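Colleague: Supplied in structure tokens, the structure appears directly below.
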Ligand code: FSO
Ligand code: SF4
């Protein structure tokens, strides 16, 4: 195996990357290699789906398969090697179905049919050994001897950005929101990758194009969330438990949460959110369920302790899952793209077994003293008080905005984002999204003339909301986003964050501070390019970075 797709990759060797029997996330070599082969197979489906679209017969079922298959290969999603063997067979069947439709369509239109080459022609080996042999040829570093590490790193940037696009699109699709523009963009990127591109400018151009596609995807997911659940409104969320039977839901999929709320209504079982599920409390359709009792624990990297201590079953709806510990292995369930060998997997929103487990487990014996945090500052809430915000800026009460978004990763001892948020001066506003908010969201930030100093914009995909807020402020002040008193301090962890970063770059947003470490797949040359073109800078020391951000805007 060789994998360097996430922030926690092994950096102990001169060539950073997880290359032993197991990655730092717990992914074993067989699973990693099968995931590489699945990405290769998906490129072939993309080639045929693009052709089908050009022939006027796009295939949404195949497009949906592409999203799901790519999502399973994201960091901390699916660790189940046997699931990938099945997905590889399904990939070949899907590709063959689209291929046959293309051939028939070309014949009926009387146009010449030129079969795509490369991944489109892949045939799955009959045995596991054969599949693993095939995987060796198509890993992320394939071709490095011919084209060099810079080109391979840029190809990785495209692939990882595409994985992020696929994950967010899958979430939107699960809520009934799809877009031909997005599917065409995904097919184009896969077809491009299938040609083994070796031109750095073309690769960077495709990366930025994916950033634009991802903006559309995040807009779609925003429309899906607000369309299905209403607009986020500022909401106090209980972060201390109440007595009674309980289920904990983690991941990002609000559709799964809604189904679980429906299936537990009137049963006396309380539902708690974990990690990136926290913003659910701000959506009217979800919070009207009074048994959505509160938020429990911290970010994904705290799950070993949080899940072990939780006195009920746990449902994982998307990343980030890490190896279930013996204390809760019998009471954790996966659904959707998530998987762990030996952990019960549920489909079709049928969560009866989770409810049964909740009834059998003790639940919370006592109600703890009430503690709350406030969430729900999506774009509707913030732009609803835009006049107040603009007046506060004009009056000098708000001197600067910081967007501290993303995920800080799991390494212990990190305190940059905590320090940054808590040391930000009192005349600054901190917007946050993604799961690194848990580093500081229990801190008391106070307010500026009634505007809370900490605005929780939502999940990582709600970067869309933050972009809309920034654009509205820029328009009110008649300047560009880069001219606003706004600094972006982004933590990237996995491939969705890579897609969001590409979106920000595609929008021309400069001078982003990126941490907690820089992506290992970007070579020094490529990083140099990004620094030159976009002013990306690695995070340093929190107080120095705050001072530098404030002085840049004051200059
Ligand atoms: Fe975090 Fe995981 Fe939401 Fe990621 S829970 S790390 S960047 O999946 O997507 O913020
Ligand atoms: Fe390593 Fe991250 Fe890949 Fe896991 S996903 S094998 S930690 S680089």
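Here the Cβ of each residue, glycine as well, is placed from N, Cα and C on the backbone.
TrEMBL annotations: computationally assigned, not manually curated.
The following feature annotations were taken from TrEMBL:
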type    : residues                               : note
BINDING : 3, 6, 18, 25                           : [4Fe-4S] cluster binding site
BINDING : 252, 276, 320, 407, 435, 460, 494, 496 : hybrid [4Fe-2O-2S] cluster binding site
MOD_RES : 407                                    : cysteine persulfide
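Mind mapping these onto the model and telling me what they sit next to?
Modeller: Secondary structure at residue 6 ([4Fe-4S] cluster binding site), taken from DSSP and collapsed to helix, strand or coil, is coil.
Counting Cβ atoms from all protein chains shown, residue 276 (hybrid [4Fe-2O-2S] cluster binding site) has 27 others lying within 10 Å of its own Cβ.
DSSP assigns residue 407 (hybrid [4Fe-2O-2S] cluster binding site) to coil in the three-state reduction, placing it in neither a helix nor a strand. Annotation for residue 407 (hybrid [4Fe-2O-2S] cluster binding site): spatial neighbours 299, 300, 434, 435, 436, 460, 491, 492, 493, 494, 497, criterion Cβ-Cβ under 8 Å with sequence separation of six or more.
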Colleague: Using the Cβ centroid of 252, 276, 320, 407, 435, 460, 494, 496 as the reference point for the hybrid [4Fe-2O-2S] cluster site, which residues of the same chain not in that list have Cβ within 8 Å?
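Modeller: Along the chain, the qualifying residues are 275, 300, 319, 434, 459, 493, 497.
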Colleague: Of 6, 25, which of the binding-site residues has the most Cβ neighbours inside 10 Å?
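Modeller: Top count of Cβ atoms within 10 Å goes to 6.
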Colleague: Relative to the Cβ position of residue 320 (hybrid [4Fe-2O-2S] cluster binding site), how many further Cβ atoms are located within 10 Å?
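Modeller: The answer is 27 other Cβ atoms.
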Colleague: Near ligand 1, which of the binding-site residues show up if the criterion is a Cβ under 6 Å from one of its atoms? Options: 3, 6, 18, 25, 320.
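Modeller: The binding-site residues passing the 6 Å Cβ test are 320.
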Colleague: So if I take the binding-site residues (3, 6, 460) and measure from each Cβ to the nearest atom of ligand 2, which come out below 6 Å?
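Modeller: Cβ < 6 Å from ligand 2, in sequence order: 3, 6.
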Colleague: Should residue 496 (hybrid [4Fe-2O-2S] cluster binding site) be counted as helix, strand, or coil on the basis of DSSP?
Modeller: helix
Colleague: Tell me the coarse DSSP state (helix, strand, coil) of residue 435 (hybrid [4Fe-2O-2S] cluster binding site).
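Modeller: DSSP assigns residue 435 (hybrid [4Fe-2O-2S] cluster binding site) to helix.
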